[in-house]
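Student: The structure that follows is given in the form of structure tokens.
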């Protein structure tokens, strides 16, 4: 990648943001040095690792690398024979523990995060070394007694010898002579020897070795001769202890040195793992996503670059989303628009999104975005004129353009800010057109910003080029930073100058100086942008209405499903009830059969068996299994058959609409109800006359059944409250009479006889009832009353 262009696009600042999400010095260095790659497989792998890291952090939100230090140099020193200090050993131990924890955490999710596991599984575990350091160095950086048997024995001897020495000194201090010659009853230490403070004028009264004198000379610090032997023994034990500790540290250092390669490899792997986790943390913070990565096609041509709602990563919440597609319908995009309107930001956004993706970084854009693999991203952005080098702005820009022309290939991305500026406008515009034609002829994806009207016309009239503009709000006289494709934009320099405070008379005078053609062009562009904004508002409104209609459609379909489910529930309850009654009837027959055997009479038994068989056959019939009962007839094709264009009523919801199509395979009908299209079964519809009345059935034979209800020829009042029986029976008799039944059956059961009494009293006085009687044995006996109408 071109280093100068990377600098112009401020990719270094993205690196710094990424580095801020690392937990480890080595991974921070990796982040600061991350480079875009032109290898599509490597880029895809890095993005896949980032996606897996985001998933891992969602499963393990507290996971981090932990207390890792860069121990590569330390391990190298140990390999060269250096004995490491205890604190250094503790650092190595904590690094080993953190590496083990990182590997273990990723291992738990290896199936979901295979790319991360591919990294983590290479971490070399050294549990023996980790344990040895733990055994030989405590948390204070000291070798504990149990570091070795010899050290434990030496420490034991040291404690005993020191105690003997202290006891002798205390005994002397407590003696009459000691109390007289000692400056104070104190045991202290000088030159690693235990001494007592003695009055200088009495020092000759005791035998011993003077190790120090006080500043005033009044006190000498003497080691009494009676403790010199013990002091020498103590000193020798201390030297042996030191040598044993050094031996232990040397052994540990030697083992660390022998594992230098593994330790260095672990640091590299952990740094890569931490860098990947940093990418995931950045992605979550920036609401970034992994774009699709596209390689050149079989002909070697570059694939289109597509950004959907991309945001400049350095502007955070201030960024206005950018949606653009380059390389599909056109190769070169010319962006125009107001001063300070966001043209350069749009240019940098396109460049940064590409660099980030090719560096394996998620980009702040929608997942529908796709980035082709470029072999180079070349930019000419900014102004670095130099007085010392006598380089003008134009020369600086031209140096960049020359470098890009010489280096860019068919698979490069070229970004040019204010192409042809800083010189005579006519020459600059001509030069800009020629440069754009050059890149177009090489089929190089190019984006350029400009204020030249000539380039707007050129882009409009040249195949392969496309205009785009950053919108300007005439109401506020300020830019909106929204990119509109297909329409050039005005510079709005006068409006911008006025907004920034330039006096009105100066701005107005400048407007008068503009040529008529220029004024008309600016007005045309302004009108076009206003119309574009109006169309966009209308599109948004229509999209909102479409979404609302879709929601309403789903609600209707859900309501229909609820109605169908309720109907099935009612049918099932009816079936269960009939099955229960059949079982009861069978029990009664068995009981009657047993009783009648004694009387040698078979006539009643045969009658009951025939009744039971009739019930069984009805329950097994296809009509019963599909939810119909005796009396419900299949609808024969008639002239009233529902057809496309008919007005119909949905029986369950009473909603009315128009038939759009008949789906023969499924037996469903597509109906338009208002703005909603519904699908329902043809049996759920009634045809409606143009006047709005429901078409009556042609055949009077279908009169005893309403889908989901029992036949009107039978009324079951079992379980009803006494006060509800008479009004319900009255309604039933009226319905039965109007339907044309000559005889009806009222089921009241046996029970206490209260329901039977109310039923028969009502029938006795009802004007529609000619007569009534108890049921016969095959009709339900005295648990049923049969009424003639």
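Placement of Cβ uses the backbone N, Cα and C atoms for every residue, glycine included.
Bear in mind that TrEMBL entries carry predicted annotations, made automatically and left uncurated.
The shown structure was predicted, so the numbers you read here are calculated from the model rather than taken from an experiment.
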Student: According to TrEMBL, which listed range is region 'Disordered': 566-590, 591-615, 616-640?
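Tutor: When 566-590, 591-615, 616-640 are checked in TrEMBL, region 'Disordered' belongs to 616-640.
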Student: Scan 669-688, 689-708, 709-728 against TrEMBL and say which stretch is down as region 'Disordered'.
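Tutor: When 669-688, 689-708, 709-728 are checked in TrEMBL, region 'Disordered' belongs to 689-708.
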Student: Across all chains shown, how many C-beta atoms besides its own are within 10 angstroms of the C-beta of residue 337 (ATP binding site)?
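Tutor: I get 30 for this one.
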Student: Fewest other Cβ atoms within 10 Å: which of the binding-site residues 338, 342, 344 wins that one? Let me know.
Tutor: 344
Student: Please report the DSSP secondary structure of residue 343 (ATP binding site), reduced to three states.
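Tutor: Once the DSSP labels are grouped into three classes, residue 343 (ATP binding site) ends up as helix.
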